[in-house]
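The structure under discussion appears below in the form of structure tokens.
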2 protein chains.
Amino acid sequence: MADKNKLQRKTGIILALDVTDEASALEITAAVADLVDAVKIGYPLVLGTGLSIVSKLSKYAPVIADFKVADIPNTDHLICEHVFKAGCAAVIVQGFTGPDSLSECVKTATAFDGKVFVVSEMSHPGGSYFFTDEISKEIAGLSRKYGAFGIVAPATRPERVKELRAVIGDDLKIISPGVGAQGGSAADTIKAGADWVIVGRSIYNAENPRDEAMKVKVEIEKLI
Amino acid sequence: MADKNKLQRKTGIILALDVTDEASALEITAAVADLVDAVKIGYPLVLGTGLSIVSKLSKYAPVIADFKVADIPNTDHLICEHVFKAGCAAVIVQGFTGPDSLSECVKTATAFDGKVFVVSEMSHPGGSYFFTDEISKEIAGLSRKYGAFGIVAPATRPERVKELRAVIGDDLKIISPGVGAQGGSAADTIKAGADWVIVGRSIYNAENPRDEAMKVKVEIEKLI
């Protein structure tokens, strides 16, 4: 079983495993496991394979369930229970659903010694339509208040990572999607205050995923 | 296979099937199928049983996947593909992720002759923390603009159902959770402008679910 404490490191890579079949998911994870601190999976994979894939992936690396949990507290609780019973190290939830939903997710995660990351701002173009600067900061503040482990902030906008870091101080971690194929730079994102960069396509679509992961790792380690 | 056109009716009941085991889900649905226009299932059930439960439930009633889809457009697309390939009649998505996420969900649903309901306002206490009146109305307006089939508005606050009906006119349907155990009244919610009331616990936890569903149906039919 992978060491869940990997998620205590200061900086590193999280692999966004946005493939949809189990064989590829396991093969890519095995190839890069020692270069990444966690793998992040979402519903497109889990709806095809079932949550049983978590225990298989966990042999290589801690698994983060990127389920963008966005429901009423009781349903959030039941979803998080599934996540942690399946063996995930952490879950990603939306903060937009309010303080009671957020605190219920943290409470459930804590009961399983698991962690919660809260989406403070999304990386796609329409993501800022409702996630205004003010709302993003408010979500980051609530994440700190209710004991989340970290927040999610976009590598595609490092200036926003910096602003959100100012809101949460050093109490929470920041994980940042959008590095690589989406245009974000690993070095710039870490410099802006992220603890982990989340890299997907540029690793899992590479002819040699391990070489690509190594490149990002070298880029990050130059900064430490 | 259940007639998906049931979802064209003017008013009726949607059963919120928030149980977590397959046997209960099928038993309750079979008992009330002719009294409800659809059953709504969520991740707590699906993460346990797999999406294969959809085809089993669809023998009795159209199935709505209440997944509160809340991701970037490409992930939303992949989730909705799973939903409709599994045989669901409709999916419930969040609207706060912005216009591009919303329109991608509608596009994917349309390709499968499926329907999208958009959460305009949530029913739990913290739901109004970020879903202000202004934001709820904006989400309702975008739902209309991008061709959603309907919106989700809380039966626990019928005055909000009325206000959101004014935003969407008669173009979109309204489904309203919170009737029964959560305190909402079926009659008041329909009078405020909802097309379907979503009833969960008061039916599926009843000693005789069919009798409970019948009571709600009679209450609604008095109004038509």
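Just so you know, glycine gets a Cβ as well, placed from its N, Cα and C.
For reference, TrEMBL has these:
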type     : residues                                            : note
DOMAIN   : A:12-216                                            : domain 'Orotidine 5'-phosphate decarboxylase'
BINDING  : A:D18, A:K40, A:66-75, A:S123, A:177-187, A:200-201 : substrate binding site
ACT_SITE : A:D66                                               : active site, for OMPdecase activity
ACT_SITE : A:K68                                               : active site, proton donor
ACT_SITE : A:K68                                               : active site, for OMPdecase activity
ACT_SITE : A:D71                                               : active site, for OMPdecase activity
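By a Cβ separation below 8 angstroms, chain B lies close to these of the binding-site residues A:K68, A:I72, A:G180, A:G184, A:G200: A:K68, A:I72.
A Cα-Cα distance of 23 Å separates A:D18 (substrate binding site) from A:D71 (active site, for OMPdecase activity). Counting in whole angstrom, A:D66 (active site, for OMPdecase activity) lies 14 from A:S123 (substrate binding site) by their C-alpha atoms. For the pair A:G180 (substrate binding site) and A:D71 (active site, for OMPdecase activity), the C-alpha distance works out to 31 angstrom. A:G184 (substrate binding site) falls within a strand when secondary structure is assigned with DSSP. For A:K68 (substrate binding site), other Cβ atoms within 10 Å of its Cβ number 25. Around the Cβ of A:D18 (substrate binding site), the number of neighbouring Cβ atoms within 10 Å comes to 19. The CA atom of A:G200 (substrate binding site) is located 26 Å away from the CA atom of A:D71 (active site, for OMPdecase activity). The secondary structure of A:K68 (substrate binding site), as reduced to three states from DSSP, is extended strand. Within 10 Å of the Cβ of A:I72 (substrate binding site) there are 23 other Cβ atoms, across all protein chains.
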